[in-house]
Amino acid sequence: MTAVVLAAAVGALFALGTFLLLRRDLVRVVWGLAIISQAANVYLLAMGGIAPATADSVPVLAGHGDHVPTTADPLVQALVLTAIVIGFGMTAFALVLSYRVYEEHGTLDVSELGDRER
Amino acid sequence: MSPDLAIVVAAVALPFIAAALTPLFFRVLGEGTGFAGSLVALSSFGLLASQYGDEGTVALEWIPSLDIALRFHVDGWALLFALLACGIGTLIFTYSPAYMHGESGLVRFYAALLAFMGSIVGVALAADLIAIFLFWELTSLCSFVLIGHYTADDSSQYAARMAMLITVGGGLFLLVGLLLLSIVAGDVVGPASAFDLAAMLEQPDAMAAALRDRGLFLPVLGLLAIGAGTKSAQVPLHFWLPNAMAAPTPVSAFLHSATMVKVGVYFIGRVRPMLVGPEWLFLFATLGLTTMTVCAIMAVAATDIKELLAYSTASHLGLMVAGFGFTSVYGAETGVFHLLNHALFKAALFLVAGIVAHEAGTREIDELGGLRHDLPVTAAITAVVALSMAGIPPFNGFYSKELLFEAAVEASHHHDIGLLGWLYPAVAVFGSIFTVLYSLKFLSLFFGERPADLGHVHRPPVTLLIPPAVLALLAAVVSVDPELAVEVIVQSGLEATAVDPHEMHVGIPTSFSPAVGMSAVTIGVGLLAFPAYGRLHDGIRAIPRTVPPIGANWWYDTIVDGLSDEGREFAEYVHNGLLRTYATWTLAATCTLALTGFVAAGAIAPTEFGLEVTLAIGLVLLVAVIGGLAVVTSDSHIAGVLTLSILGFMVAIFYILASAPDLALTQLVVETLVLVIFLLVIEEIPESDEIEVGRSVRDAVLSVGVGATAFVTVLVTTSARPDGPTDIARYYAEQAVPEGGGTNIVNVTLVDFRGFDTLGELAVVALASISILTLIVMRGRGDDGYPAARGNDGSPGEEPPTDDSRSDEPTDTQRDSQAAGGEDE
């Protein structure tokens, strides 16, 4: 079954992130990256299926018994968890890199920086 | 008797091992490394000779999961080629030390030569399609290194690049052909031996029928022909071979006449039983005879002795291809026998050309003549091999040329080819006349008048003379007793390449036949026309001067120069140093490819649309998107950071609603941290306002495109999801307690089932934090000489070296803010 609402949300976030990615202000570019990685995480989770939240659907078992209820897909959750942490590392690094760029060049305008490279 | 795996592998591996050890040899032996190479070549020759008479396939497991093995097939044809390579290799290595005396780059030269010999033996023996391709391309790579031996010489580099482009490019066509072949072979000989050429050749008729059924016969034939044609310098891709003469002469003799260029011919002979048919005849007989004639004419136009021999080599390769092209048994006899004969006489001729160039100091035909007084032994050698090249009886070249004439005449008996039945013999004779002409011209360098301005010609050292003498001697033996050569090796080579092999006989004809008549015409006209050689030479040379597009070189230069100019312009356009340009091209290309892929695969189809989410999730996502919109429209950094946080926290709530508490926890921690870091950094950075309407519109269009692609992707992929939990998800859920000992499935997955992934993740975070630390702290450490930075460090006494490359230093106010920033962080 297709997930129209999720698709719309992911699409909208991708569009907004892309728009920011194309700005001249490096800080806004970093924001764009952050938004796109959030959207990718939502997409990844949606691939496992979004079950209505119940006590059973949380992928934490009640005890060490034999009964294993059908839960939300634990694999995508593990993947997204990894992705969130890596996204954090990337955002922090990109931000500090922009800060350093500003220290070195006195500007965060990527067009000016690009012209300077040439 | 089946061959011995260890011996076969040793014969292939030995040259490669020696290549790796060349620097060591060179340190001990110096310029005598060549003799060590001879020893290696001789050992490989001995190992292979011990397998003489054996036939069969041996395999060394390589990639068992894909059924790819290092299979070697030993039969007469493989042994003929491999022994030729090792035998001539031995002579070349003996010849090289004297010829390359005093040159630099000898380690590279010998290493490449040894590696090349290993590859050529590999290509001869390999029975696995992948191994064939790898060895095939290895020979091209070694040839590239050897042609470009004189690294400071532009023409040598140009020639090396050209040879590389043509032969490696052709190799890629071959690869596609081989893969198509393996697809069909999987059905015929079983998936386990889908890459096993030896298994395919055991049932050639079934393979041919299956190829025709699948409609792949012509594509496979064409692709293999392009691969073989580029390697064996067939018209119109022959032009790299004359240029490859920029290589040192031993290389020309070894690679570009005796072995590497014959790989294509060898492979044509190898697959001949499987693909032979009317199409085969039409393709290869036409290709071969065209090459033979065109290149023989070009050889007459040559002004340089190596150029003459190069065109002659291409012409003789054409003869072999044409031979194999004719479907009768005479065709196979031509191909196999001429491969041997040509290797003997042409390698010797190149070595002679090397002696002439080395001792007389010039390679210009016009400046040479009457060399028999100075080089009597060389003249005797040349007489044997040049007359053999001309195809004059009773020299060995005559026998294989006679077989070609017979095959050409026979062609119309086997197939209904109409006019071509007359054309093939006529063209064969026409091309052969030029062969006689240039062979006599080469021989005439040693006779006639000695030009007055030809300086003193030295006597060549004995190591330069022995290799061509050995080859000439062998050619003489084959000339005197061709039946001996047939018995020793040619017959067994014939059995692997002919469809209906029978006992082969060659000798001086005793009664008249059409082929004898054709030989008589060829030699007669050649001898009569020889006095007019100068006029012919000038006439042919005038053609490309008046009509440049007739030369293949012209096409190559035009295309390659055009492509590199276009490439440079295109690079300036897409690679202009501006981040937004890169992002635009990358994103637009990705979207185009993804959407085109969906459309091409028919993935976009109307299916049932479901909401799949509760109202709560919908609302949360809506707020998240509104947050994102607020980030885009924010006019200050602070507002942007805060609204970005709204988005992040909404995503955390989404995780809670989607039954993912672990994600929500992580997201909350991360969002908080990101917010704090953003606020810390942004304080140090001034606002920059930019409003450019034109750009914004363009960016908005691209953004909408990217968003639409993401939208469609999510729709397409979510509709293709399997119903219910996947096997792997169920596995993790069921095994979490028994195997991981934990009830939180996600946690168990992360730290237990997929612990290495988590380790990788930790490595990323650790790297990011080290980089951040470096970016912030290293500046303060004072490797740049800022007073404020040094003050932080508390080491004002040390004067750090000033970095002169920094031309754009920030202003004073910026320095102050940086210092403050350093303290804050």
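Our numbering is plain: 1 for the first residue shown, then up by one each step along the chain.
Quick reminder: no glycine exception, Cβ is built from N, Cα and C everywhere.
A quick note: this is a predicted structure, and the numbers were derived from the prediction, not measured.
According to TrEMBL, the protein has these features:
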type     : residues  : note
COMPBIAS : B:803-815 : compositional bias 'Basic and acidic residues'
DOMAIN   : B:63-110  : domain 'NADH-Ubiquinone oxidoreductase (complex I) chain 5 N-terminal'
DOMAIN   : B:126-413 : domain 'NADH:quinone oxidoreductase/Mrp antiporter transmembrane'
DOMAIN   : B:623-686 : domain 'MrpA C-terminal/MbhD'
DOMAIN   : B:695-776 : domain 'MrpA C-terminal/MbhE'
REGION   : B:784-825 : region 'Disordered'
TRANSMEM : B:72-95   : transmembrane segment
TRANSMEM : B:107-127 : transmembrane segment
TRANSMEM : B:164-185 : transmembrane segment
TRANSMEM : B:280-301 : transmembrane segment
TRANSMEM : B:336-357 : transmembrane segment
TRANSMEM : B:377-399 : transmembrane segment
TRANSMEM : B:419-440 : transmembrane segment
TRANSMEM : B:512-533 : transmembrane segment
TRANSMEM : B:639-658 : transmembrane segment
TRANSMEM : B:664-682 : transmembrane segment
TRANSMEM : B:702-720 : transmembrane segment
TRANSMEM : B:759-778 : transmembrane segment
Can you give me the average pLDDT across the domain 'MrpA C-terminal/MbhD' (B:623-686), rounded to a whole number?
91
In the same chain, who gets a Cβ under 8 Å from the transmembrane segment (B:280-301) while lying at least 6 residues past its ends?
221-222, 225, 229, 233-235, 238, 242, 268, 272, 307-309, 311-312, 314-327, 408, 411, 414-415, 417, 420, 424, 427-428, 430-432, 434-435, 437-438, 441, 533, 536-537, 540-541
Out of B:72-95, B:107-127, B:377-399, B:512-533, which stretch has the largest tally of CB pairs under 8 angstroms to the transmembrane segment (B:419-440)?
B:512-533
Counting CB pairs under 8 Å, which listed stretch among B:336-357, B:512-533, B:639-658 touches the transmembrane segment (B:377-399) the most?
B:336-357
What are the helix, strand and coil residue counts for the domain 'MrpA C-terminal/MbhD' (B:623-686) according to DSSP?
54 helix, 0 strand, 10 coil
Mind tallying the domain 'MrpA C-terminal/MbhE' (B:695-776) by DSSP state, helix then strand then coil?
70 helix, 1 strand, 11 coil
Can you break down the domain 'NADH-Ubiquinone oxidoreductase (complex I) chain 5 N-terminal' (B:63-110) into helix, strand and coil residue counts using DSSP?
32 helix, 8 strand, 8 coil
